Amino acid sequence: MSSEQAAAMGRVAVLMGGDSAEREISLISGRAVFEALRRRGVDAEAVDTAQVALAELTGFDRAFIALHGRGGEDGVIQGALEALGVPYTGSGVLGCAIGMDKWRTKLLWRGAELPVPPGALLRPETNRQALIGSVGLPLMIKPAHEGSSIGMAKVERPEELEAARAEAARYDDLVLAERWIEGGEYTVAILGEEALPAIRLETPRGFYDFEAKYRSGDTRYHCPAGLTEAEEQQIRQLALDAFRVAGASGWGRVDFMRDRQGRFWLLEINTIPGMTDHSLVPMAARAVGIDFDELCWRILLDSRRREAGRP
């Protein structure tokens, strides 16, 4: 990459922080991206959106969005940037809004006949016995609009259900209950039109929760994931299909479970995944020879789509 290419990106705002429940992770991601772009010669500036008025972003030529959670990953900041005429990285308004809503994402995936675990919305008035009868136990209870596994819990007995629902409801009015898939956890990163190598996650914590993602030293990551060539091709294609059906674009991540019979099940999509030293997209990129600085540069380059009027 030449200095002329870096200069052509103009003044770049690396958006981070914000005021969501994932603020601290976003600050770490954003700082890492900012430093990578600066090393590449990009005129980047770190911008905490909780401390800067949106109108001030008109002074930038483009934005690298490293915000996680509400206000950053749900289409809100994307819509604001479009109104301001500032090109940005990643998915557009629609893709982000859908991707942030686990319930509606799964409705779309089911409509496209993609493999999704059985599930239902869990409300205070929901008939618990009917839910368990139709979906089964164990269950995974989760807020419909939070990331980083915030508010999630595994329920193995009927008497645990209400406490798990109440905890998830602290973060969201919509609470999702879906069948727990016993098996291996996998994730596939998307970069442009390409699915990167799958990663298999191994944690002693029962599932890949917030602690396992960001704090635990016990989580193990396997890339290559130990799949056959056909299985690797299958999970990558499934990730691309799920990403496109949800209206996502640019870059992101799709999470899976693989059951004991070898079937892959879609869990959720991440339109702005973490970019910390524990993060999965940089790990998958390294597996194909793309270092962190190059990864950030490629994601930034993708913002040119919006200058051409493409979603």
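Including glycine, each Cβ sits where the backbone N, Cα and C put it.
Given the structure is predicted, the values throughout are model-derived calculations rather than measurements.
Per Swiss-Prot, the features are as follows:
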type	residues	note
BINDING	132-187	ATP binding site
BINDING	D255, E268	Mg(2+) 1 binding site
BINDING	E268, N270	Mg(2+) 2 binding site
DOMAIN	106-301	domain 'ATP-grasp'
Cα-Cα distance linking D255 (Mg(2+) 1 binding site) and L139 (ATP binding site), given in Å to the nearest integer: 17
Count of other CB atoms lying within 10 Å of the CB belonging to L174 (ATP binding site): 18
Nonlocal residues around E146 (ATP binding site), in sequence order (Cβ under 8 Å, 6 or more apart): A21, G69, R70, Y171, D172
Cβ packing number for I132 (ATP binding site), 10 Å threshold: 16
Cα-to-Cα gap, N270 (Mg(2+) 2 binding site) vs D255 (Mg(2+) 1 binding site), nearest whole Å: 8
E268 (Mg(2+) 1 binding site): secondary structure state under DSSP, collapsed to three categories: strand
Most Cβ neighbours inside 10 Å, all chains, among the binding-site residues L139, A153, I181: L139
Of the binding-site residues listed as A153, E167, I181, the one whose CA lies nearest the CA of E268 (Mg(2+) 1 binding site): I181
Local Cβ density at E167 (ATP binding site) - other Cβ atoms counted within 10 Å: 15
Three-state secondary structure, which DSSP defines for E146 (ATP binding site): coil
